[in-house]
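Notes follow the structure.
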Amino acid sequence: MLRVAREPTYTPVDDVMVTWNDMEPYVVPEDMTSANIFKYRLGISNRNNPHGHDSSAILAYLQRPIAYHVFRQRNRMNLNPRRVCSAFIGKRCTHSRTGYDWTIRLPGENAPDSANGWWYYLSDAFFSMASTLSFLNDFVRPNGQNQPKAASGQDARSDDDILTNSIPEQTIDNHSHIEIGNQSHIGIGKQSHIDEDQLSTLTLPSSGRDEDGGKRTRRRRALGMKWPTNLDDLIRQALTESLLNLRNKTRGNYYQIPYPRGKTLKVLHISDTHVDPEYREGANAVCGRPLCCRKSDGTPTNPEDRAGKWGDYRDCDLPIRTLHSLLKHINDTHKDVEVVYWTGDILPHNIWESTVDEAQKEFRDTVEELRAAFPHIPVYPALGNHEVHPVNLVAWLYEEAARLWPSLFEVPKGESSNILRAGFYSVSPLPGLTLLSVNTNFCYYLNWWNYLQIPDPASELQWIIDELQKAESRGDKVHIIGHIPPGYPDCLPTWSRNFRRIVQRFNETVTGMFYGHTHYDEVQVFYDEHGHPTEVAYIGPSVSPFSDLNPAYRIYTIDTETWEILDYETWYMDLLSANVFDQPFWRPLYSARAAYYLPSLSPTEWHTWLQRLIYDEVDFQTHYRFVHRDSQTFVKCDNKECKRERLCTMVTSDTSADDACTRITWQLLRHHYFGLR
């Protein structure tokens, strides 16, 4: 059971009951199967535990610093780390200080390699900077129940204490340190007051608008910074620190609420399948051409050069049997998926020898595979650069797409003409959400036809502006799917710059962007002209193993009220073990929030995480391993130039500008040569 200690001793007093009813799990017992991992719900109680795991068993799964987020900066909160740890789990903790990082670990527990990608840390639950009023209230008392019991001699606080504007002004203890705006206020030897005027600009983001159309905002007064003696006070104190550090008023810099405001939606993201109908088990995998493992490559004399049954890490595309295994696994495991985003590149890499007839057949066959796998789920596709076979010939492709795509989803009236003309469309999958499928072949630098219509081939950018304007007027949120990420070097600078400006203008409307093309599992953060993070593009991993990769896909959890991405999970198949044991096994690789210690997936949190990668080599190598999905053959990134390229890829959203990359490079140089942060 969890116990709360009274200051100044660590003697446990009254028990506190905390129950998770609707939270994603951070603890996965060893006996849990992969299929049940994401269904697991943790319960901690001072009476009957609903899942049969007592607190001592749960504590055994603590694999990371409990107060990682709280004590990253030594003066961030006026809380002694030993007291916090003792408050939760008695005297079993020790604390250490390394530079400016405070961590608390269990005795004998080192920070292990995050191979499993799953752990539970109390800091996310109680101290998350992303925790706002509604999240904390729901967390402590789901559905108005399960109120934590106050410590002896005290009354439980009411909702009004937390959720109204009538919180009385209180003082800060001696030697407290807080931050308001860009100023620090330290009370030494006397009590200091927080001026109400200093808090007048603090606002919380809201999922909707008031009846008069204005944004909902709430003003909060400061709470006392005294050491808490019960769970309510502890949460209040964490909340105070969150409010005092809300500094920027742009949506991208708010700390988003990780707890859903509405129902959640599961979205499957599949990209870059590259199914090769000519793939043959045992064929030559080192043929010397751009694409190998094909029937025409013959059988090599060296057994090590033979293609595997389920695919190959070398320059080979996906056998059809692996696609069948993937679709069967998704249907068996993810029965709660309601929407599929399919971001292109379904044809193989044999661009030098394809014909229109072959390309048409392969395009048609893959569409039919998806339709058969998801007969009752809408599949929203986007065109990839490898669909235009032979190279850059698109007339047949648009005709096939206009004919076949209506079998995957209901094409709105008038959008068939857009598909037939230029391969892009707009649709409303669910009330309040507009989906734009953009044709990024109009930004592809190897599509030479684009150079005849710079800066806006097929007037696609103008179409995007018009659709976003309509969605903004309706109050809809927008998801954008495409193939080539706008910040990737393959996208023409003029198109990339204009697209970034459009998204920046509508950053309150665009809540998610999903791409493929790179074959890597990664994200791309968009910045405005002042260097503030505003948007995030999610780049899904490839199903094809080409090259040195494990097949993978993503599952996004999305809030249906705000249409923000709450979390995503990457699942993969280990190609080596599948070929050795002749049995593909799809399993989770990681959860973004759990593996990367993200309180939320807001642009600001992603930016903070990127900054952490500059200085924390362990976190960087963990990310780099996830990029390649634990591939057995990927090349290690163990030098500063490789690290710079990887980080620059994630901060470049406009290929015509390198401001963000320059900042990253300068930070790396300062850290590498001078040890500075």
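Keep in mind that glycine also has a Cβ here, set from the backbone N, Cα and C atoms.
Here the structure is a predicted model, which means the values were calculated and not measured.
Some features that TrEMBL has for this protein:
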| type | residues | note |
| --- | --- | --- |
| DOMAIN | 265-520 | domain 'Calcineurin-like phosphoesterase' |
| BINDING | D272, H274, D345, H519 | Zn(2+) 1 binding site |
| DISULFID | C287-C292 | disulfide bond |
| DISULFID | C293-C316 | disulfide bond |
| BINDING | D345, N385, H483, H517 | Zn(2+) 2 binding site |
| DISULFID | C443-C491 | disulfide bond |
| DOMAIN | 546-663 | domain 'Sphingomyelin phosphodiesterase C-terminal' |
| DISULFID | C637-C642 | disulfide bond |
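The number of other CB atoms found within 10 A of the CB of C491 (disulfide bond), across every protein chain shown, is 24. In sequence order, C293, R294, D297 constitute the residues six or more apart from C287 (disulfide bond) in its chain with CB-CB distances below 8 Å.
Under DSSP, the residues of the domain 'Sphingomyelin phosphodiesterase C-terminal' (546-663) split into helix, strand and coil as follows: 52 helix, 23 strand, 43 coil.
Confidence for the domain 'Sphingomyelin phosphodiesterase C-terminal' (546-663), expressed as mean pLDDT, is 93.
Distance noted between the C-alpha atoms of D272 (Zn(2+) 1 binding site) and H517 (Zn(2+) 2 binding site) is 7 Å.
Taking only the Cα positions, the spacing between C292 (disulfide bond) and C637 (disulfide bond) is 26 angstrom. On the backbone, the CA of C637 (disulfide bond) and the CA of D345 (Zn(2+) 1 binding site) stand 27 Å apart.
Within the set of binding-site residues (H274, H483), the lowest number of other Cβ atoms found within 10 Å of a Cβ is recorded at H274. Excluding D345, N385, H483, H517, which define the Zn(2+) 2 site, the same chain contributes S271, D272, T343, G344, L383, G384, H386, T440, I484, G516 within 8 Å (Cβ to the Cβ centroid), listed in sequence order. On its own chain, C443 (disulfide bond) has N450, I484, P486, C491, L492, W495, S496, F499 as residues at least 6 apart in sequence with a Cβ closer than 8 Å to its own Cβ. DSSP assigns C292 (disulfide bond) to coil in the three-state reduction, placing it in neither a helix nor a strand.
The two recorded residues, H483 (Zn(2+) 2 binding site) and D345 (Zn(2+) 1 binding site), have Cα atoms 8 Å apart. In the structure as shown, the Cβ atom of H517 (Zn(2+) 2 binding site) sits within 10 Å of 25 other Cβ atoms.
Ranking the recorded positions H274, C316, D345, C642 by Cα distance from H517 (Zn(2+) 2 binding site) puts D345 first.
Look at the Cβ of each of the disulfide-bonded residues C293, C637 and count the other Cβ atoms within 10 Å; the largest number goes with C293.
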